[in-house]
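Chemist: My questions will all concern the structure given below.
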Amino acid sequence: MKDLAGTTDDERFFLHSGRRWRRTDPSLPDDVRARLMSHLGRGRSGVRTSAKGDDGAALPRARRTVQLAKEGLGERGTPWWEQSQAERTARWTAALEELDALHPKRPDSAIRKRPGDA
């Protein structure tokens, strides 16, 4: 069977391994997209590691992180092409606010340095 990755009727979806996936909202500013992708990566990593561990609260939190990031990116929830620009902006703003509350940034002084780091 021919691999159809990347081909669809429109720009709203892409195909991967024969499955159709919703594309990220193209109106996202680059900095917003980067922050949401960072949260998505952190959430996916958390799902993998917490599934192996004993922390019962970690897995639901990691899954919530993935869900919020995907909603912010426009990949889940109301399709981005059905929303006005104001609704799209509200969607990613709300997702980032909740994600930032779930995962507050640590001040530089709280980040442990390795021996030899300046």
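Note: Cβ is positioned from N, Cα and C throughout, glycine not excepted.
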Chemist: Looking at 39-59, 60-80, which one is region 'Disordered' according to TrEMBL?
Modeler: 39-59
Chemist: Do any residues, 6 or more residues outside the region 'Disordered' (39-59), come within under 8 Å Cβ-to-Cβ of it, and if so which ones?
Modeler: 65-66, 68-70, 72-73, 96, 99, 103
